[in-house]
Amino acid sequence: MDIESSTSSLSQSIHQESRNQALFNKQRGGWRAIKYIIANESFEKLASMSLIGNLSVYLTTKYNLGGVFLVNIVNIWFGSCNFLSIPGAFVSDAYLGRFWTLLLGSISSFLGMGIMALTAAIPRLRPEACKDPSNCSNPPADWQLAVLFASLGLLAIGAGGIRPCNIAFGADQFDTNTKKGKAQLETFFNWWYFSFTVALLIALTGVVYIQTNISWVIGFVIPTACLAFSVTTFVIGQHTYICAKPKGSVFADMVKVVAAACKKRKVKSGEGVTFYLGPSNDGSSTTLVQNRQRIRFLDKASVITDPNELNEEGKAKNNWRLCSVNQVKNLKCVTAILPVWVTGIACFMLTDQQNIYGILQAIQMEKTFGHNFQVPAGWMNLVSMITLAVWISLYECVILPIAKRTTGRKQRLTTKQRIQIGIVMGIACMVVAGVLEKERRSAALKNGSFVSPVSIVMLLPQFVLAGLTEAFSAVALMEFLTVKMPEHMRAIAGAIFFLSSSIASYICTLLINVIDAVTRKGGRSWLGDKDLNKNRLENYFFIIGGIQVLNLLYFRFFASRFVTEKNKDNRDF
């Protein structure tokens, strides 16, 4: 009787707690919270993109940097911003939760941008300006570089906290178990991307123009103020948020599976192998006995080799020695996408270099339009983004409807086709960039000037092709990663996508330094001089193009086998 009474009391307590939590969630979340989250995200993106779009120009004109050192700084910073999203996601999921990770990340970005604004406002924090940019001998002092690196470091840490959490925290505000919640979530995604696009356009047009043509001080104070508004708005809305508690990190689980599998690597196949299924929905733990002729390596992590591996409740005593079947499946989902994911690394190598060397080319080209209007070099990044947006609009709104009227069904390009087309566009981009660079440098040397008389308009083809590379390959890869992951691991797909961009930046850094070291021994570095007119940048473009050719062969004959298309009822073609 006492047992029945205790069980009934416990059941009522759990039911009451569930009702209280539901009532609490009704009072919080939803659109009352989303307005603060979108405001925070819009201000943060406006600030960060205004720096990303013009960092190469700032370091060249105000810090007298150039050559390999400049590219190393930008590449490593880009890579670190993306890579730190992995530890950021881990800290959020395992310890702090998304609210505190976002808040601390926003504060770190605010401090980093504030220091960057100080470097523009206080001349002592920068080296003296060079009168002749083609022959500059005023490098920044070590302490001046330390201040700059502190700013970039804080911004990278901030990005690592913000990027993996912003969309996920917004999704937390809706109950996706209901039809209404799912519809609200879709609307949130639309508004999130809309605000992101608006912030991007303002940052890469208005703010970049102010930085380049009016004042770097004002141009950096604006994003600093935006980040201050971002933090303030986010804190003001705290009372409206649903803050999910940390439940552990999927990344940590993956490491545990590998560790457990290694410890049990000598486990052999046989009859009656017992697998640990892990805790069920009611909190109990279950096991499964299966007869397998062959056990794969990762499966060994969930094999129970000793009854003492389970406690009295039937749960694993040591998660580093015994993992659940679901934990193993999660890791298998990740390993299944790796061959295609590698393709994305090579694609990002191309787009990252356009954002750096393409802007450096623009700096040394004729930028005057009309009477006295100077086109900011940073505006060239807009070309790729506009190209991407125009192509997607044409594809979804014009090409697909025409194909449907013609064939009777809404046929789409397959993931394989889009990735391969994107790689081909990348090859064309590097060929065009290399040919143009030869023309640009020849005209500058013939004219005897630092700035080539070739118009910046000539850069349009290579930036358009870079945008098409993203529109086909990058979008298809992101879609592939998202679709291949189970719903509870969709956030992991985004982190892995950013990781490919990070690795691409680091590989480019290594490649550039190797090319510089090898060609310098030959008497003339291809990339080492601050003045592009003294380099052989076109050769580097051709090397990146060659890597894209190898990437196309790799995907065509190997990685494409890991891409599965949709069924016939909702198929691609």
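In case you wondered, yes, glycine gets a Cβ from its N, Cα and C as well.
Same-chain neighbours of the transmembrane segment (65-87): 52, 55-56, 59, 136, 139-140, 152-153, 155-157, 159-161, 163-164, 251, 352, 355-357, 360, 495, 498-499, 501-506, 508-509, 512-513, 516, 525, 527-531, 535, counting only residues six or more beyond its ends whose CB sits under 8 Å from a CB of the stretch. Under the heading transmembrane segment, TrEMBL lists 65-87 (among others).
With a threshold of 8 Å between CB atoms, the same-chain residues lying at least 6 positions outside the transmembrane segment (99-123) that come near it are 40, 44, 47-48, 51, 58, 62, 88, 91-92, 147-148, 150-162, 164-166, 169, 216-217, 219-221, 223-224, 227-228, 230-231, 234-235, 238, 241, 243. Look at TrEMBL and you will find 99-123 (among others) tagged as transmembrane segment.
Outside the transmembrane segment (143-162), and at least 6 residues removed from its termini, the chain residues within Cβ reach (under 8 Å) are 44, 48, 51, 63, 73, 77, 80-88, 91-92, 101-102, 104-113, 115-116, 118-119, 125-127. Residues or ranges marked as transmembrane segment in TrEMBL: 143-162 (among others).
Using a Cβ-Cβ cut-off under 8 Å and counting only residues 6 or more beyond its ends in the same chain, the transmembrane segment (189-210) has close neighbours at 34, 38, 41-43, 45-50, 53-54, 167, 170, 218-219, 222-223, 376, 378-379, 381-382, 385, 389. The transmembrane segment annotation in TrEMBL covers 189-210 (among others).
Through the fold, the transmembrane segment (216-237) approaches residues 33, 35-37, 39-41, 43-44, 46-48, 50-51, 54, 58, 62, 102-103, 106-107, 109-110, 113-114, 116-117, 120-121, 203, 207-208, 210 of its own chain, all at least 6 residues removed from its boundaries and within a Cβ separation under 8 Å. Marked as transmembrane segment by TrEMBL: 216-237 (among others).
Summarising the annotation, TrEMBL assigns transmembrane segment to 331-351 (among others).
Annotated transmembrane segment per TrEMBL: 379-398 (among others), in sequence order.
According to TrEMBL, the transmembrane segment annotation covers 419-436 (among others).
Counting same-chain residues at least six beyond the ends of the transmembrane segment (456-480), those with a Cβ under 8 angstroms from any Cβ of the stretch are 337, 340-341, 343-344, 347-348, 350-351, 354, 358, 361-362, 365-367, 375, 377, 380-381, 383-388, 391-392, 415, 418-419, 421-423, 425-426, 428-429, 432-433, 436, 439-440, 493-494, 497, 500, 563. Per TrEMBL, transmembrane segment is recorded for 456-480 (among others).
The feature transmembrane segment is assigned by TrEMBL to 492-515 (among others). Outside the transmembrane segment (492-515) by six or more residues, the chain places 68, 71-72, 75-76, 78-83, 85-86, 89, 163-164, 167, 250-251, 334, 337, 341, 344-349, 352-353, 477-478, 481-482, 484-485, 526-527, 540, 543 with a CB less than 8 A from a CB of the stretch.
What TrEMBL records for 540-559 (among others) is transmembrane segment. Here the transmembrane segment (540-559) has Cβ contacts under 8 Å with residues 339-340, 342-343, 346-347, 349-350, 353, 357, 419-420, 423-424, 426-427, 429-431, 433-434, 437, 511-512, 515, 526-527 of the same chain, all six or more residues outside its ends.
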Which residues of the chain, 6 or more past the ends of the transmembrane segment (331-351), have a CB below 8 A from one of its CBs?
253-254, 257-258, 298, 384, 419, 422-423, 426, 429-430, 466, 469-470, 473-474, 477, 480-481, 484-486, 489, 492, 496-497, 500-501, 503-505, 507-508, 544, 547-548, 550-551, 554-555, 558-559, 561-563
